[in-house]
Amino acid sequence: LKGCLAIFGGFIIHFTLGTVYTFGNMNPYLTSYMKFYSKSPEINYPQSTWIFSLSLAGQGFSMALGGLIETRIGARFTALFGSWFMSLGVILSSLTVKSYFVLISLTYGVMFGVGTGVAYSVAIAAAMKWFPSRKGLVGGIVAAGFGGGSLVFNQLQTFYINPDNVKANYTLDGDNYFDQPEILDRVPSCFIVLGSTYAAMQLLGALLLFPVPPVGHSPDDQQQPLILPQSSEEHQHSRQSQEQQQLQLSPRQLVKKPIFWILWLTFLVNAQSLVYISSQYKAYGLYRQFDDHFLAITGSVSSVFNSGTRVVWGLGHDLLGYWRPMLALCTGAAVLLATFYLSSSAAFYFIYVCLMFAFFAGNFALFPAACAKLFGSKFFSVNYGLIFTGNAISAILGAILTSAIKEAFGWLALFITGASFSAAGVVLSLIFLALTRARSGQQEAYNRLEDS
């Protein structure tokens, strides 16, 4: 029972941390408010991407720190500390949104991201430890919370700030902004409502992160809950699975492995597409003249795909390994991004956004499962944090490219650029396959030598 509660607790925490994806929905309100009421009136949509990118960068660079803190104070208090730091950043944004762009970037960007990074992998690891044979499925369930946060909070933001579905009617450089006081006056208080709600949910989630007792410490050790059968692949390769379970690479050993750098680069290129869509899908919808409530509904429904498909991707990893699902993910993302500009009607726009989030979601189920399987669970929080730095660097690069490409060449060029990065992920997935097959061949030769 405690194992199931730990999964649920991790899900709740990720549900709040995943509200980073509501930035695309919040962006028009935030940017419009600052354009008319703050001390940084020059802000526009490409520039506001920096807030989202800094949150991703903060998450990536602080995730390994969360693993180190966990060794000192445990998963429960680490998750609570990180998630409350994130919520504090949201609440403080009610003040910084009235001031300079650099300050809102600090609170809604850096503080949000750093707190998320500290709590993120710790919550996954706490649940995975209860079910070591189902890392992909358990990690996918917890990460589903991260993808589902915008399901609720997109709607909360929109119906709090724009309950009457007022249209953005101020146009500048081809982009539409809100200038109505009845809309903009609600923006600061919305941050207080959001941050307070997050903090209450995070406290509950942290209390449910029960630690796994030492072997033999509890009678429950002999009968752990929800022990699932092994997949056919694990059964057929039982000897290799046992060797992988014994393998526990420290961060220092990890960075010397070529396969780590392939995973890191794949995360980097995949995250580029995620930056473009997560931060700009609503701004692009306003460019297409879609109304605000439709865009909020699109964001919420896409979060269902973002959330639910993480479980599917995680289960796919348990059944098929890493490279097959990742190859499908990168290929699908490249095709969707390359053709996204064709979605000029509301129906096609809705379908495209949902499908893109469904594909991008796989990154956050496949990478943690691959990290735990390839490098062991002992140093998982730190090791996955190192892999996640690829996402952090990509976020910064994405902010630079978004501003440069969108302003110089327009939306189509931005989407084609994202598709190119996803295509690079296809190549890296094939390189991963070649490396693992070469390593498997060496291991089989070593086993035959031992048997002889």
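The backbone N, Cα and C atoms fix where each Cβ goes, and this holds for glycine too.
Remember, it's a predicted structure, so these values are computed and weren't measured experimentally.
Record features (TrEMBL):
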DOMAIN    2-437  domain 'Major facilitator superfamily (MFS) profile'
TRANSMEM  7-30  transmembrane segment
TRANSMEM  76-95  transmembrane segment
TRANSMEM  101-125  transmembrane segment
TRANSMEM  137-156  transmembrane segment
TRANSMEM  191-210  transmembrane segment
TRANSMEM  259-281  transmembrane segment
TRANSMEM  325-343  transmembrane segment
TRANSMEM  349-372  transmembrane segment
TRANSMEM  384-405  transmembrane segment
TRANSMEM  411-435  transmembrane segment
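The average pLDDT the prediction assigns to the domain 'Major facilitator superfamily (MFS) profile' (2-437) is 86. Here the transmembrane segment (325-343) sits against the transmembrane segment (411-435); at least 3 CB pairs are under 8 Å, leaving out pairs fewer than 6 apart in sequence. Ranking 7-30, 191-210, 349-372, 384-405, 411-435 by CB pairs under 8 A with the transmembrane segment (76-95) puts 191-210 at the top. Counting only same-chain residues 6+ beyond the ends of the transmembrane segment (411-435), those with a CB under 8 A from a CB of the stretch are 258-259, 262-263, 265-266, 269-270, 272-273, 276-277, 280, 284, 287, 322-323, 326-327, 329-331, 333-338, 340-341, 401-402, 405. Ranked by the number of CB pairs under 8 Å to the transmembrane segment (191-210), the listed stretches 7-30, 137-156, 259-281, 349-372 are led by 7-30. Taking Cβ pairs closer than 8 Å, the transmembrane segment (349-372) reaches residues 121, 124, 128, 135-136, 139-140, 143, 146-147, 263, 267, 270-271, 273-274, 277-278, 281, 285, 288, 290, 298-299, 301-307, 309-311, 313-314, 316-318, 322, 325-326, 329, 332-333, 336-337, 339-340, 343, 380, 383-384, 387-388 in its own chain, all 6 or more past its ends. Counting only same-chain residues 6+ beyond the ends of the transmembrane segment (7-30), those with a CB under 8 A from a CB of the stretch are 45, 48, 51-52, 55-56, 59, 79, 83, 86-87, 97, 104, 108, 112-113, 116, 119-120, 123-124, 126-127, 130, 138, 141-150, 152-154, 157-158, 161-162, 168, 176-178, 183-184, 187, 190, 194, 198, 201-202, 204-210, 277-283, 286, 292, 295-296, 299, 303, 306-307.
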